[in-house]
Every structure is written in C-alpha cells, then in structure tokens.
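See below for the structure under consideration.
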Amino acid sequence: MDEILAKAGSQAVTFAIKSGISIASTYALKTITNFVVQIPKDDARRIDQLKFKLESRMAIVSSAIDLIKLVAARGNTNLQITLRLTKDLKEEIDRFDEKINEMTQKVEGSRSAKTQNEAIKAVENYIKDLLLRIEEITPFINLSLTTSGANLNSALPYQLSPGLLLKASDFVSENNRKYEKAMKSNEKGTGDKEILKVQVGPTFEVTLFSIFYNLTSENNGQSGIVWKEDMKRAKARIYRLNSTGRKYDYFMKIEQDFNDGRYHEDDDKEDTPQELAIDLNHIKKLFFSVSGKLLRLEEQDSPVLVLKIDRSDDKENESSEGDKGLLDDITWYAVSGYEAIEEDEEEDEEEDEEEGKDGEERKEEEEEENKLEDKDSSITLLEYIIRLTSLQSNDQKSILEVSDERLSIYLNDENTNSRKDRISNSTIEETEKKLKNLKL
C-alpha cells in the first residue's frame, strides 16, 4: 500500500522517527554541571572538559542516528545492521542519566573523602568510556550514510506552502501558550485536577473514508481493496491533552455531522453520529494526494490526506507469530475537505420553510454556532498542523526549539514522484489497477 501510494505521486512523510537522544541524557548533563560545583577545582576542571566534549559528540551523533532511522524506515535494508549498532548506543546514552545520578549521590550523601574520590573517579571513567564508544561507532555511521546515499537536507521542499506553514506554526505556538496558561490555572485549583484538552487551530470540515475489505473478491484471488465512506460530513479537531510522563501529547477527534444533505432517522437510537479518536503517536506515515481519484474515490477530485495508523506500539509483548497480528494493528484512513452540494442546501431551505418557526429557530442556532466556531476546509493546513504537532510529540519540545534538521524531516517530501504535473490519467488508471489487485 505504501509503495502504490508513493508511485501514484502522493507526497509522503514518515513519522516513526523519534529523536536520537533522549531528554533524560540532557538532564544528566545538567546533573554533571551541578556535580562539579561540589568537588575540588582540579577534579571539576577535568570533568567539565569531558562533559563539554561529550555534549558536542552527542549532538553530532544524534543527527546521524535520526538520519539512519529515517532512511531505514523508508525501506533501505542496507542500514539495518547500522541501525542495530546505533540502537545499542542510544540505549547506553538513555541509561546515562540513571548511572550518573547513582554516582553523584555518593558524593552528596557521604562525608568520607575516600568515598567522594571513588565517586569522582567513577564519573570520570564512565564519561571517558561513553566517549570512546561514540568515537568507535562514528566511522561506521559515516560509512553507512555515505554508501546509502542518504542526506539530511534542511532545505524546504518546493511544493510547501510558506503561508499555510506559517499559519499552522502560529496555531501550534498559540496552543502551546494556551495550554501552559490552562495548566497553571488547573494547578491552582483545589481538589482533583481536571483532564485538560486544548484545541489546536480551527475545526476542519471533512469527509472520512476507511478501507473496506471485500471478502468476495478475496475468495476470487483478489483483495479488492475499496475505500468506503464512513462520514459524509464530519468535524475534525486536534487537541493537546495532559498526560502522565509526557509534556506534549495530541489526538485528533473526528465527529460525524448529520447535517450533510442525507436522510437520518432522528428517532432511531442506533442511527447516531459516529466519533473517532486518533492518537497522533499512532500515525506512522502520512500521504497527501492532489486527487482523490488516485485512491479510486470517483467523486473526490479534490486533495486527500491518507493516514497510516499503527497501534502495535501499545502492545508490549508481541508474539513472534506476528505478521498477521502486525497487519491487524494497521488501519488506513483518508480525509478530504467536505464539499457542500447546492441542491442539498436548496432542499434544506424548502424543508425549513415547511417546518415553519421550528425550522427557522434551528437554522438560526446553527448559524450562531458557525459564527462562534472557527472552521476551515483546507486539508493542506490540517496536514501541516499534524506534522508540527507530531514533531513536538516525538521530540517532547516546542517546534521553536527543535533543530532545522529535525524540522526538515517532518516537512520534507520523501517521495520523488509527488509533483502534480507528473500525475496523468495513465498514472491514475495504473494506480486504480494496482489497488484493485492489492492483497493485504
């Protein structure tokens, strides 16, 4: 599915790229700074020099680890061995905080000069050992990146809209400020703390699709993959949620709107608006297609955003039988901007006239609600907000604090075939044929 969407000219970005160095290692470096204040000047000078060298090495190797993980996630099998090497190094760096704390506590909790000297020596040797490991693995990382042809270009892609990107960035930054303000107010309150959720940006009016598995076609030797319409009209909102252990945590809520020009039975309890919540941490890949026809959505010629959702990270002890289980964890959703049909609007007006006063009151309420709620139908703006909030969630820091290279990973298009002028009718027909014969 990933390959077909890429060949169909969809812009693509992989989100399964966590920051190479954990937040814990940053705190460990601060712990060393506090540690050197409590020890003799000669020892402090040596450890401070080692700390500076380690900090610079970690910053350099972090970018390389990010790039290796990104290229490997895109399907480069040549980097799998290097990925295992970097994984071991990253785990050692992640444990750095815990080990440094254990060693420094011996100095703080002991008055014995011998114990303090042993702790100082242990910290010094441990930092030297970690530096040696980084220096040993660096040539292999460089060689792997050179032979793979990968690069971490920080230039923005040509198809990126600067205006919409700035708008999305403003929405995310504004949400950061509102969230911090709400958290402070919540902390001042008495009793149980409320679960906070603060909306990011506007409400988007969308149409939601998901994959329908055609069992009849599967029995005939084909998967017959088909996109089915789940919600003709829906409201999509992105929220930042306070959670234990995570400063930045987001989810997208999609709520069906029955005011879609279709018949719905008000008295039928089973016929109620649907809701869908998607944890942004579960979005592993995002595709942006300039035309819904590439997905065999005949009535959707407008842009479509495709989300690959993988919930397997929530399962700690995954069985090795695994391939089927892993596939079951993957869900595909497609979102396009909702397009109102004029005929439906005219029919609604006629029905309101027939219903008289009740209809007018309901219409006035809907108009008032629309005025109060900031709405947008730009799928591209929604895409940029998802990219930026996913970056904050993965790195656990503000987009204003991340490096250009990290920002580039989440904004660049990894698909070289995504130019709009390359998409022809033959491309659409070829994609439709592949989707029809796709086996999942």
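Just so it is clear, glycine is given a Cβ too, placed from its N, Cα and C backbone atoms.
When Thr138, Thr272 are compared in Swiss-Prot, the phosphothreonine annotation sits on Thr272. Sequence-distant neighbours of Thr272 (phosphothreonine) (same chain, six or more apart, CB under 8 Å from its CB) are absent. For the recorded site, Thr272 (phosphothreonine), the DSSP three-state label reads coil.
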